[in-house]
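Copied over from TrEMBL, here are the features:
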ACT_SITE  K9  active site
DOMAIN    68-149  domain 'GHMP kinase N-terminal'
BINDING   P100, V101, A102, S103, G104, I105, G106, G107, G108, S109, A110  ATP binding site
ACT_SITE  D142  active site
DOMAIN    213-275  domain 'GHMP kinase C-terminal'
Amino acid sequence: MLRIDAPAKINLALHVTGRRADGYHLIESLVVFARLGDLVSVQAADRDSFELRGPEAAALSNEASSSNLVVRARDGLREAARQSGVDLQPVKIVLDKRLPVASGIGGGSADAAATLKALCQLWDFHPGPDILSKLALELGADVPMCLDGQALVARGIGEKLSPVHLGFGLDLVIVNPRVGVSTPAVFSALEKRDNAPLPAPDGVDDKERFLEWLGTARNDLQPPAERMVPAIANCLSALELAGARFYRMSGSGASCFGLFDSAEAARQAATRLQQDHPGWFVAATETVR
Ligand SMILES: C[C@@](CO)(OP(=O)(O)O)[C@H](O)COP(=O)(O)OP(=O)(O)OC[C@H]1O[C@@H](n2ccc(N)nc2=O)[C@H](O)[C@@H]1O
Ligand SMILES: Nc1ncnc2c1ncn2[C@@H]1O[C@H](COP(=O)(O)OP(=O)(O)O)[C@@H](O)[C@H]1O
C-alpha cells in the first residue's frame with residue numbers, strides 16, 4: 001500500500017479583494033500546512049473500490065462515494081490519462097479521515113491532492129504540471145495549493161501560487177466547535193468584496209516580526225462566518241484564554257487556530273481546551289516545513 005499524507009491547510013490570513021464575473025471571489029491568502037491531516041492509501045486491485053474510515057469518517061458516510069473528492073480525483077486523473085491514450089488499472093483507495101469536515105482547513109481538498117499524488121506514483125503516470133494543476137482546480141479552488149503543500153501566498157481564486165520561505169516552524173492549536181460551515185454561504189454573506197490587498201509578508205526569518213506583521217493582515221471571511229456561527233467567537237476567546245500569542249479563524253471557518261511559543265505550550269493548551277470543551281475538536285500540531 002502506498003500512503004500519502006493529506007495535511008490540513010491553515011489560512012493564516014485571507015483577504016477578499018474582488019469578485020469574478022462567474023461569482024468566484026478573488027483572494028490573497030497566506031497559507032501554511034500542518035502535520036495534522038488525513039491519510040490516503042492506494043493499492044492496485046482487481047476492481048475500483050473506496051473505503052472511508054477514521055474518527056471523522058461518519059460526517060461523510062451519508063454522502064455518495066462518487067461525490068467524495070478522493071473518487072473525483074481518481075476519475076479525473078484516469079480521464080486525463082485516457083485522453084492521452086493510456087488505460088489505467090483499477091485501484092483500491094482508503095481514506096483515513098481525521099480532519100473535521102467542512103471546517104475551513106481544506107480536508108477534502110487535501111484528500112483530493114493526496115489522491116492525485118498517490119495515483120500518479122502508483123500508476124507511474126505523470127501528466128505535466130499544467131495538466132495536473134488544471135485537474136486540481138477543477139476539483140476545487142483549494143486543491144492546487146494543497147498539491148503544492150508548502151507555505152505560500154495564493155491569489156486569483158486560490159490557484160495562483162507564490163511560495164513563501166518561512167525560516168521557522170509554527171506551533172499551533174486548531175479548535176473547531178463542531179458546527180459545519182458552508183463555504184459558498186460565507187462568501188455570499190460578505191458585506192464588502194473589494195477589500196485592501198494582503199500586505200507583503202514581513203518577518204519571514206524572524207518569528208516576532210512575523211507575528212507583528214500577521215496582526216496587520218485579516219481574514220475577511222471571519223466577520224460573516226462569526227455572524228452565522230456564534231460559536232466561532234467562543235473558540236477565539238478560548239484560544240486567547242489558553243495563552244495563544246495570536247489567534248484567528250482559518251478559511252471560511254469554523255476552525256480557528258492559535259499560535260503558541262513552543263510545541264509544549266501548544267500541547268498543554270490543547271489538553272486544557274479539550275477538557276474545558278469536550279464537544280469541540282481540538283488538536284495541537286506544527287507546520288510542515
Ligand atoms: C475559503 C477557502 C480559503 O482557502 O477555504 P475553505 O474555507 O473552503 O477551507 C477556499 O477559498 C475555498 O476553496 P474550496 O473549498 O476548494 O472551494 P470550491 O469548492 O472551489 O468552491 C466552493 C464555493 O465557494 C465559493 N468560492 C470559493 C473559492 C473562491 N475563491 N471564491 C468563492 O466564491 C464559490 O461559491 C464556490 O462555488
Ligand atoms: N474527502 C472529503 N473530505 C471532506 N469533505 C469532502 C470530501 N469529499 C467531498 N467532500 C465535501 O466537501 C465539503 C467541504 O469539505 P472540506 O474540504 O472538509 O471543507 P473545508 O475546505 O471548509 O475544510 C464537505 O461538506 C463534503 O460534502
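A Cβ is built for glycine as well, from the same backbone N, Cα and C atoms used for every other residue.
Quick caveat, the model's predicted, so the values are computed rather than measured.
Features as recorded by TrEMBL, highlighted on the structure.
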residue : record           : contacts (Cβ under 8 Å, 6+ apart)
K9      : active site      : V31, V32, F33, A34, I105, G106, S109, A110, D142, M145, C146, S250, G251
P100    : ATP binding site : E56, A59, G107, N176, R178, G180, S255, F281
A102    : ATP binding site : A59, G180, V181, S182, T183
G104    : ATP binding site : N11, V181, T183, A225, M249, S250, G251, S252, G253, A254, S255
G108    : ATP binding site : N68, L69, V101, G140
Subject >> Listed binding-site residues adjacent to ligand 1, that is, members of P100, A102, A110 whose C-beta is under 6 A away >> reply: none
**OP:** With H, G and I counted as helix, E and B as strand and the rest as coil, say where DSSP puts G108 (ATP binding site).
**Re:** helix
Subject >> All-chain count of other Cβ atoms within 10 Å of A110 (ATP binding site) >> reply: 29
Original post:
Looking at the recorded positions K9, P100, G106, A110, which have a C-beta within less than 6 Å of some atom in ligand 2?
Top reply: G106
Original post:
Per residue, counting other C-beta atoms within 10 angstroms of the C-beta, which of the recorded positions G106, D142 reaches the highest number?
Top reply: G106
Original post:
Quick one: which residues besides P100, V101, A102, S103, G104, I105, G106, G107, G108, S109, A110 have a Cβ within 8 Å of the ATP site's Cβ centroid, in sequence order?
Top reply: A8, K9, L99, G251, S255
Subject >> Local confidence of the domain 'GHMP kinase C-terminal' (213-275) - pLDDT mean >> reply: 98
